[in-house]
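As structure tokens, the structure follows; a few thoughts come after it.
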Amino acid sequence: MDQVSRSLPPPFLSRDLHLHPHHQFQHQQQQQQQNHGHDIDQHRIGGLKRDRDADIDPNEHSSAGKDQSTPGSGGESGGGGGGDNHITRRPRGRPAGSKNKPKPPIIITRDSANALKSHVMEVANGCDVMESVTVFARRRQRGICVLSGNGAVTNVTIRQPASVPGGGSSVVNLHGRFEILSLSGSFLPPPAPPAASGLTIYLAGGQGQVVGGSVVGPLMASGPVVIMAASFGNAAYERLPLEEDDQEEQTAGAVANNIDGNATMGGGTQTQTQTQQQQQQQLMQDPTSFIQGLPPNLMNSVQLPAEAYWGTPRPSF
């Protein structure tokens, strides 16, 4: 084998036939550098991946799973706890609708004897007005207080005061039709005294004259007569003026009533009732002795003479 054949370069790839030997060498060197750089990159990426996997603790995955499950369970328990709090929490303030809650109606089983009842009375044509009201008071057993009236009447008999001082009153019979201007009075059923019943009327004539007085005879209605009145069940008969003894008795009775009311409200016993009776007897004998036992509110409402108030000094305790 000659020297020429021994000096030939090693075999080469067919894809490098078009390259110059110098360029071929550079191309091979570049490929080697690229392959070496690719190996380095692969090694670096693998090292980073291993380092990252090493940095991540497996326990963290389990704890993270637990943490992820814990909020869910916490949400459920929180929801349950919230529901329990909503059920067991005591409401504060006024209940809804309690302010506007309808109150039960007040039912009065019977009327009070001292209550006033209003009446509108219509007297038919041709009837006696005074007689009709008197019969109504007697049958209903109620006192009647006439407030006003309107309509027309005929053939009126009234009593007028004397025009001359000291002279007797005169009775006047009025014939014809008269318009009622004013009507007032009261009617009490028996056994009330007759003086407690009476009717006063003022009339206007056809020519403009005005006449009035106390009705002492028939008062015939000329057409419907409407009367506005009030009725009552009880009436206390008082004789005025009051005497001094009566005033003292009424004062003692008022104090005794206040004491009775306080004892009744406090649930007094029979012993308290006897004590109150003894106090009433003592008050009747010596009116000045009850001053020391009165509270200030009663002292303000009771009017006493000077000698009764300053009669005896307050005893020392």
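Positions of Cβ are set from backbone N, Cα and C atoms, glycine also.
Per Swiss-Prot, the feature region 'Disordered' maps to 22-41 (among others).
Residues or ranges marked as compositional bias 'Low complexity' in Swiss-Prot: 26-35 (among others).
Swiss-Prot lists 48-64 with the feature compositional bias 'Basic and acidic residues'.
Swiss-Prot lists 48-106 (among others) with the feature region 'Disordered'.
Annotated compositional bias 'Gly residues' per Swiss-Prot: 72-84, in sequence order.
The DNA-binding region annotation in Swiss-Prot covers 89-101.
Sequence annotations record features per position, and here Swiss-Prot assigns domain 'PPC' to 113-253.
Residues or ranges marked as region 'Disordered' by Swiss-Prot: 258-285 (among others).
Per Swiss-Prot, the feature compositional bias 'Low complexity' maps to 270-282 (among others).
Summed and averaged per residue, pLDDT over the DNA-binding region (89-101) gives 73. Taking DSSP states H, G and I as helix and E and B as strand, the domain 'PPC' (113-253) has 25 helix, 66 strand, 50 coil.
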